[in-house]
Amino acid sequence: MSLDTVKHASETPDSEQPWKELGLKEDEYARIREILGRRPTGAELAMYSVMWSEHCSYKSSKVHLKQFGEKVPENDAMLVGIGENAGVVDVGQGYAVTFKVESHNHPSYIEPYQGAATGVGGIVRDILAMGARPVAVVDPLRFGAADHPDTKRVLPGVVAGIGGYGNCLGLPNIGGEVVFDSCYQGNPLVNAGCIGVMKHEDIHLAKASGPGNKVILYGARTGGDGIGGVSVLASETFDDTKPTKRPAVQVGDPFQEKLLIECTLEIFKEKLVAGIQDLGGAGLSCATSELASAGSGGMRVDLEKVHLRDATLSPEEILMSESQERMCAIVEPEHVDRFLEICEKWDVIAVVIGEVTDGERLEIFWHGEQIVDVPPRSVAHEGPTYHRPFARPEWQDALQADDAGKLPRPQDGAELKDQVLKLVSSPNQASKSWITDQYDRFVQGNTVLAQPEDAGMVRIDEETNLGVAMATDGNGRYAKLDPYTGAQLALAEAYRNVAASGAKPLAISDCLNFGSPEDPAVMWQFAEATRGLADGCLQLGTPVTGGNVSLYNQTGETAIHPTPVVAVLGVIDDVNRRTPIAFAEEGQLLYLLGDTREEFGGSAWSEVIHQHLGGMPPAVDLDREKLLGEILISASRDGMIDAAHDLSDGGLVQAVVESCLRGGNGARLVVPEGLDAFTFLFSESAGRAVVAVPRSEELRFTDMCGARGLPATRIGVVDGDAVDVQGEFTLSLAELREAHEATIPALLA
Amino acid sequence: MTARIGVVTFPGTLDDRDALRAARLAGAEPVSLWHRDKDLKQVDAVVLAGGFSYGDYLRAGAISRFSPVMESIIEQAKAGMPVLGICNGFQILTEAHLLPGAMLRNNHLHFICRDQKLRVENAETAWTSDYVQGQEIEVPLKNMDGRYVADERTLDELEAEGRVAFRYLDMNPNGSLRDIAGITNAAGNVVGLMPHPEHAVEPLVGTGKTDGLGFFTSILKKLVNA
């Protein structure tokens, strides 16, 4: 096959091109021709097709995402905002933290192990590219029904992939979620988050400036894996009639990534780079065009210099390859030798593939012949924008009218007891330790809290005990009932979880998982959820630092529940003051904070007992969440509470059972006046937490709650080896433990 | 007066910084050693930390064993220098034939990370003298290839000579023969185990216990008093 050079393209304007197969629409192809004033070369077409894909260009979502940049709360912690590889937040003492959550949903369904593994690898490189040392990872996961045969294929593969990759990188896995729902059967959600730490002066940005500076590609060799991954995989709906797309999934090598991390950190330490970008989705096409676009614009690349795993790759394939464990750095000429020396020390291959020019074009050559000549902005930042039609689905009213409050409730203590056991042993409410025990939570020696705690927490300074915490939450059932409220509930829960651990919430990242944007009902869900999240962040004072959108999570006409997943990052001045969930001391008093209402729409109870989804989700009161957060943080700082657990899915009884099992102590509970036992135990009203208060601190604690106007109700005491609800039922810890811990291994081991 | 404890970094070593911290917290002077460098920088003892050196390619520890730094360590260990191998370090020590036996994939085929109870079966090695015989300790365990195996004769010899240094308690997490979690050489200077004492040296992080600190205080006392 002859080389399709720029010259050749100009001379053959009417050649047929495979724009359709590459996922481009007809008008998009026409626009590329208009930008270039000629037909694109094969290499140019490859670059535009991947960069203008939904996954890279956010073409359907960006008209809604821009709210995150418009509704920005007053917050002086933000150092770098949306648009870079990841946002950066000031956590004090000269430290900055960068964090982000991304999706690797589609690849993980096709090839669970590699899909999940490379999801971890990609997010870790994003964090690294900001100049930070990655310090922890989290993994919010959603699968089909726990007892579906295909879940047994997907889940163990995903979990082994996350473990196999993350464990080899030496990053503690400190949190996340595992949720089962048949809506995710053909579309599991594999989201991956990472936290990185640096000093303020070490922040690195992805831009190529300074003509004469060298472009260095370093890391793994480029191979044929993941070609077209973004365009073909992430931007199209699965369909049984099409062949499997396994070759488009990338294959990861965590050992190479570990070397890349250590090598890059040493390069940062010696201040050898002017700009840096990781190679993820869209590979070199993305890295070169984004670096050039964010810099002064000009770059020349000699593509034949790229170190290859497969010598037969065409230039188009090299540009599109998503081979893992690669980075691209912009280096001043006088630093190049030292840069290469450090790479050699870590056995990392590094090659100068080009340089920054004083022009405004990205020019790529193949053995001296020019195959790309484009304005980089048009590739990286000026992709198409769609104003997709959206409309509230006609079934939404009927769904909301199907009130879960009308479902039959337990009539006596025996029935309550039976339903509590069913709840805590249901796959969604059961212990996930069979899964999380496959992840290393100890490495680096700074893990203060890890799953099943409310938030993961790591120490970032051994001298001062400064730490950061993160929680990720999402509830697709709530969001299905009302996407605006559902998104705010995800935000509120993650915020509450961070506060319950004693850390102050600072900022958020999100991973927005939805169905096809070509369906107006899905687009309405997306529009409502982003609006809810942006409004919520404004009210809570926690800016969105960046995130990720995953669309086309649907099989045929059936979309997943709208699933916005929110990661909240918090800071704690002294990790010694963290609050665990365990009821560790007998005799301590249990207080329920917040208001409990009859709210069962989308609840775990309605799912487990009645297989029901309908009504309205719990009401959101973000001012109340803020107040609850402040009380939890103050109480932790001043030593007024020894345990705290947020109340969310499963309600109070779920939280109490988890805290009892974690601490190895029982609890005696009394149903407060004005509440019936069922509502007390199973309601999922938001803005609540249960805390264990040492008797010596009771007065101080209740005075504080009273003065601040937060309802605090004494509901019992830590005592014995059973959970006893006075006048209703008693369940021994042994029975609860068996129910809570046996479910997942029985289904999956 | 203190002692210098070296910790080797191979490509793919993960717990080197933890081991350096543990040595420091015990009062020793921590020293980083590099896999390509034969120079042991006059350290008094060496820790081979956990991780996936050389990506565990071929077999865990199989490539590291041939690195330049290991040439010096093998030579010195045979001359009596204390060496502790943790997890991947234990695997390297068996590959280097400083300790007998080998590690296979866990019998359940999953990576496992848990707080693990151990019994100290030999409190007279260079790395365990601060414990008492039969003491029960809890330290993190985390591995994929942790199933200790050896032929029956070797196992009988180890038992007879008191060279089983640690045994798993309550549950055997990986199918190790005779619940063996760690062993020592006959001289007591080379010790290897799968669990991670370096992750249990501070009350705040890890398991919340400091049961692992004894490894590092044991060696420090021995070296300083020598």
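Even glycines carry a Cβ here, placed using N, Cα and C.
Automatic, uncurated: that is what TrEMBL annotation is.
B:C87 (active site, nucleophile) counts 30 other C-beta atoms within 10 Å of its own C-beta, drawing on all protein chains shown. Annotation source TrEMBL lists active site, nucleophile at B:C87.
When secondary structure is read from DSSP and collapsed to three states, B:H196 (active site) falls in the coil class. TrEMBL lists B:H196 (among others) with the feature active site.
Same-chain residues at least 6 positions away in sequence with a Cβ under 8 Å from that of B:E198 (active site) are, in sequence order, B:D15, B:D18, B:A19, B:R21, B:A22, B:V47, B:A49, B:G50, B:I86, B:G212, B:F215, B:F216. What TrEMBL records for B:E198 (among others) is active site.
Under the three-state DSSP scheme, B:C87 (active site, nucleophile) falls in the coil class. Its Cβ placed at the centre, B:H196 (active site) has 29 other Cβ atoms within 10 Å. Reported as a whole number, the C-alpha separation between B:H196 (active site) and B:C87 (active site, nucleophile) equals 7 Å.
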